[in-house]
């Protein structure tokens with residue numbers, strides 16, 4: 001390799017590093033101190049009201065944040081509604097399973113923030129989603145953590161941009177690890193974030209292949225499989241969904257990992273974390289220690305919140321989270 005090529009590669013590597021550093025530098029915990037100092041308590045109060053209406057709020061908000069960050073970065077592009085001229089991210093088939101309560105949580109929190117004159121149109125929908133996710137996790141008994149803020153809302157949202165960015169339930173460990181690596185997340189981060197499935201629901205069609213057919217999945221607990229066949233009979237209504245953690249469905253906890261030890265991971269991409277000997281030690285460690293899991297989860301979701309952050313001309317603050325300005 002010539003010196004010119006080496007200089008180019010070094011410059012390219014520096015550019016990537018500088019871009020990533022700029023995104024992180026833009027995010028900070030007290031970002032809104034000068035314009036909307038009480039934003040976190042305003043959002044928390046609105047999220048708490050929504051949580052008291054329905055516990056579906058927890059899983060719905062967590063999954064919305066995941067699906068937002070993995071497609072074009074954490075920029076609230078998943079909340080944008082489709083128009084006659086554009087099919088938005090939320091209408092990609094893989095996103096049709098996102099519960100409406102997650103979207104409603106962000107919209108209600110945005111309305112509460114904008115009801116304060118000094119805060120109106122000063123706080124991004126992307127940051128409100130990040131705060132709301134932290135708040136629902138805490139309300140469900142999970143770890144509370146400081147959220148980095150300073151994201152702008154994205155300027156585009158297309159259904160086609162979702163393709164290949166989110167893990168289908170059939171992914172094995174190598175595919176899961178590779179997908180997360182494209183977003184700067186390690187295998188350990190991936191295992192921690194997979195525990196977002198300790199809350200929320202999955203539709204029957206995401207796991208029916210594991211409970212029916214000539215060869216049901218041998219990694220699935222047989223009693224659990226029998227129960228799932230009862231809940232999801234042949235020709236079941238496609239709207240029917242099952243709690244992803246059937247033991248403590250309303251708690252954000254490390255029961256997810258205990259379930260995997262017992263062959264009760266609902267999706268194949270969950271159970272593989274215990275079936276594969278490379279990831280099993282981490283699953284076993286976090287099944288034993290909620291403290292260790294909580295620490296790893298906070299680190300991982302903080303890193304996830306830095307994916308593809310929009311700054312400067314890359315974004316703006318949407319007046320309506322579902323509509324571009």
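Cβ from N, Cα, C; glycine included.
Feature annotation from TrEMBL assigns Ca(2+) 1 binding site to 68, 71, 73, 75, 77, 89. Sequence-distant contacts (6 or more apart, same chain, Cβ under 8 Å) of residue 75 (Ca(2+) 1 binding site) comprise 68, 126, 151, 152, 153, 154, 308, 309, 310, 315.
Counting every protein chain shown, the number of other Cβ atoms lying within 10 Å of the Cβ of residue 197 (heme b binding site) is 23. Taken from TrEMBL, the feature heme b binding site applies to 197.
Around residue 248 (Ca(2+) 2 binding site), the same-chain residues at least 6 positions away in sequence with a Cβ under 8 Å from its Cβ are 198, 255. Annotated Ca(2+) 2 binding site per TrEMBL: 198, 245, 248, 253, in sequence order.
Taken from TrEMBL, the feature disulfide bond covers 36-119 (among others).
The feature disulfide bond is assigned by TrEMBL to 69-74 (among others). In the structure as shown, the Cβ atom of residue 74 (disulfide bond) sits within 10 Å of 29 other Cβ atoms.
The disulfide bond feature in TrEMBL is assigned to 125-321 (among others). Listed in sequence order, 76, 79, 80, 106, 107, 110, 125, 128, 153 are the same-chain residues six or more apart from residue 321 (disulfide bond) with CB atoms under 8 A from its CB.
Per TrEMBL, disulfide bond is recorded for 204-232 (among others). Residue 204 (disulfide bond): 19 other CB atoms within 10 A of its CB, across all protein chains.
When pLDDT is averaged over the domain 'Plant heme peroxidase family profile' (26-325), the result is 96. TrEMBL lists 26-325 with the feature domain 'Plant heme peroxidase family profile'.
Annotation comment: TrEMBL describes 1-25 as signal peptide.
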Environment of 68, 71, 73, 75, 77, 89, the listed Ca(2+) 1 site - residues of the same chain whose CB lies within 8 A of the CB centroid: 67, 69, 70, 72, 74, 76, 78, 154, 157, 161, 308
Neighbour-count leader, CB within 10 A, binding-site residues: 68, 89, 245, 253: 68
Cα-nearest neighbour of residue 36 (disulfide bond) within the listed recorded positions, 74, 77, 245: 74
